[in-house]
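Trainee: I'd like to ask you about the structure that follows.
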Amino acid sequence: MSHEGVRGERARGVERFGEVWSQGASAVSSGAVPQERGAEREREHATTTQINGAPKKDFKSTPGVLHPRFPISGILCFSELFFVKEPHDVTVMRKESVFLDCQVRGEAPIDIQWLKNGLKLVESERMYLLTNGSLFISEVESRRGDKSDEGFYQCLAQNKYGAILSQKARVTIASISAFAIQPTSIVVTEGSVARFSCKISAHPPPIITWEFNRVTLPLTTERITVLPSGVLQIYGVQQTDAGNYRCIATNIASRRRSIEATLRVTPAPSPRLPQRPRIIAGPQNISVSVHQNAILECMATGNPRPIISWSRADSKSIDVYNTKVLGNGNLIISDIKPQHGGVYLCRATIPGTRNHTIASANVTVLAPPSLVEWPESLTRPRAGTARFVCQAEGVPSPQITWFKNGNKVHSNGRIKMYNSKLVINQIIPEDDAIYQCQVENDLGSVMSMARLIVVMSEDRPSAPRNIRADTVSSSAILLAWEKPLFNSDKVIAYSVHYMKAEGLNNEEYQVVIGNDTTRYIIDDLEPARNYTFYVVAYMPMGASRMSDHVFQHTLEDVPLRAPELSLTSNSPTDIQVSWQPLPEKLSRGLVLAYRLSYRTSTENAVTQMELPSMKTQHLLEKLQPDTIYLLRLAAATSVGWGEPSAWTSHRTPKTSSAQVPGSPQLHLEPLNCTTIVARWQLGLRNAVSVQGYKLFYHEESQPESAPIQLRASVKSHTISGLDPRKKYHVKILAYNFVGEGYQADQTISTPSCVSVRDRLVPPPPPPHNVYAKTNSSTAVFLHWGRPAFTSNHPVNYTVRCNPVGLQNASLVLYLQTGEQSLVVKDLEPNTRYEFAIRLHIDQLSSPWSPVVYQTTSPEAPTKPPSNVKVTLIEEDTALVSWKSPEEPNMSVTHYTILYASKKEWLAGRWQVLQREGSITMALLENLKPGQVYLVKVSASNNMGDGPYSQTVELTALSSAQNPRLDSTMFYDGFYHLDQKSMTGITIGVCIALICIIICAFVLVCRGKNRKFSAVKEQQFGTAGTPQESNENQGNKLKMEM
């Protein structure tokens, strides 16, 4: 076999010899060394079908196309082991049963276990596995500590290929605590406003209602508003509003009443004097989960009555479709989404005047984790390198944990984890396993899995020998080695591995070179750094062990650039110059000194001074007021001086006795390669009023742009649309009615965008103008443009499709087509999908196109709400609760509750209630005692109404008919006190009272007996007969007792 030199190709932590390939019956030559993303190339020649919900690849036998030598259907579609159903969060009442799904498919036999809070679950009569692997708990217990059934549950499935963990499911027992905040009594003036509030913690969240003198108040009237957060607002208070108010919290666990608070109303003065507007209850900063409702309260008083309006601090318009005003000025955002996050301003204005006041609050939208990039299954030879990537998004930022066959992966010398990456070096046979990344934040978790297959070879070369490293320059090291002692004639290539020697979790780089040399210069190193190197030899069927490690350091160099300056003035005759020390990557050695140069803009004479390396600031004094100065800074290492920074301008303040604002403290931070954030605050000594700020910025060596005017309350600003790897000059100053204050100047460099190492053969550009349109509830139409390059070769496309937040990466759908459009079918209704497309030409693949998103149309509910329960909680009030229809991906916008007495039902007269789709409880009020009521519930969305549930009967009993109905106890088991329990308690209390009475009687009699004995002794002394008589009487008394 002839071997040509393999062209050197660099990769960052990616193994180049990942797959074993054959072409016809011939062995792989050096020209067939697998390229980057070999596992992805397997899919490029695959047609996709659906088997058991997972994509399966059927490879075509096309001449000239490389095919895997081993069976790969399991690698690509992951048919060996995957979940069909996984457990989900559930909230139940105590003593209720729980069913947690776990259905797995794969090659038998499959062993299924359950974990609770990460520990193996022990089965019992009350908690056991069903035949399909699901977990059943017959009666949920809520004991303290580990005996409680509350917690996080996971299903662990295992077969001969490995083990996988399901997503976490949280079991919560319904509960309701005591009130954390009770309403308090208040005194208000007639015609003004009154506000009561209460707060309680409960699962699920309770329904809050209010009572006035023990009569339930309506949720909303012209003057009264009840907020779901537990606030009662009364506008235009009247004398008839005086009385007692209390808060009622109800959920499926129980009902609690707060203490009563008294409202006293005093007469209003006549005539009423004008009052400036005052916000007595403004909005509070809140964090709301996506798709939930956010309520911002704003209650104001004044004379005349103020008008309340809402706006956003970022001047964006408020979403009118999801936002409405509740009551007299409260803002409610329904089905909240990430774009709804931000600062909201409540403004109370007296009509016809400019008198107003403002309150603000920040709305943070929390989002559960979703996968942006997931690991893909790999095949690697022994001693090779495997790299899995798992990137996710969510608010708060999710944490990533890696698992191998269900056990947590820990970093060691071979296995490293870099944020979203798992890198396994020097692969051994024990690394052949199923790997999962778990992405988790406070709102939930998702799992994604991939398999690593280790290819074994018995005829491997020995490791390269006598490795040596010599420093060439500040960025280059020459590496040399000797060929392996055994099977060196079968070596087709070498891979050189190197990484920084200091620090933890340093990323490993790799260079592939041909077999015709044993020397290589690594020329992209950082100056003044220690590196470690090793070499691996490759043959067609595997790799050698790694060589011995060798350490070497690069030389120092002059600093790559100068520090970035920050300039402020504390007086008209000084400039405070400060800077941050250069990071190691920029200093390229130990900084020994700084050189500060400055001059006025009208003079050419430059003043220079050298400063020691430990200084990071210097005060220039005795300068001219109201003068523009130009300053720059340079740094030096032992090699010499680096290039100085560009001239930075700063104007010293004017000499004046007027009180103008001082210089703000400015801090700049790059958000990404095109955006920076400026934050500032005035010093503590600055007691001068501020009307606003002026922010200036411009690219270095470019003219200054017009200022951005900012309000005095604003303390940060985002500057976007910048160019990567450019230096920008930012200036800010405060101003008031006297004039402009002292300015602060600072320079900052935008970072570079994604760093991509040069490739020998650049990939073709990806398809552009990707367009997605929903066709139906199960299909999406895709169209894209072909890149503008000339080629006579045929072009193919791979379409990647998966639901957003996919939990099982094996269910990603890959479709092949030669056209520029495709209809993706068999999708799930009401599901948001992401689509990406890549191009294939001449054995090359483009990067994936930017992801586009599209949501399939929902379907009307086909099933009714489940587990409908009606519980009588008072003589005239009942609580109806239900669960969402048992349909996957079902969107419910609202529920309809129909209820009527049997008499009204016969006449066809139903009373109708509607609740939002996020609420699964409702109160039925004003029921008539003695009547039998029928209740049913249906779910609806924008596509139509679903069927009604089965009718549930409820008998409204009076207190006389049912003595168990009182203010401390629910009917039908809310506190689980049935008639037998009450009888037992009564008998126990009676027995206890009888015992107490008997004991009291015994004590009284003994006291009399002692007194009688003392009298006899005085009368008869120690005579025997009286004493015996006395004893006989005492014994007789005891016998009678």
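Here the Cβ of each residue, glycine as well, is placed from N, Cα and C on the backbone.
Those TrEMBL annotations? Automatic predictions, nothing curated.
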Trainee: Checking feature assignment: region 'Disordered' per TrEMBL, candidates 642-666, 1017-1041. Which range matches?
Mentor: 1017-1041
Trainee: Given the model, what does the mean pLDDT over the domain 'Ig-like' (369-453) come out as?
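Mentor: Averaging the confidence scores along the domain 'Ig-like' (369-453) gives 87.
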Trainee: Count the residues of the domain 'Fibronectin type-III' (660-759) that DSSP assigns to helix (H, G, I), to strand (E, B) and to coil, and report the three numbers in that order.
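Mentor: Once the DSSP states are binned, the domain 'Fibronectin type-III' (660-759) shows 0 helix, 50 strand, 50 coil.
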Trainee: With DSSP as the reference, give the number of residues of the domain 'Fibronectin type-III' (864-959) in helix, strand and coil.
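Mentor: Looking at the domain 'Fibronectin type-III' (864-959) with DSSP, the answer is 5 helix, 53 strand, 38 coil.
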Trainee: Among 463-557, 660-759, 766-859, which stretch has the highest count of C-beta pairs below 8 Å with the domain 'Ig-like' (68-172)?
Mentor: 766-859
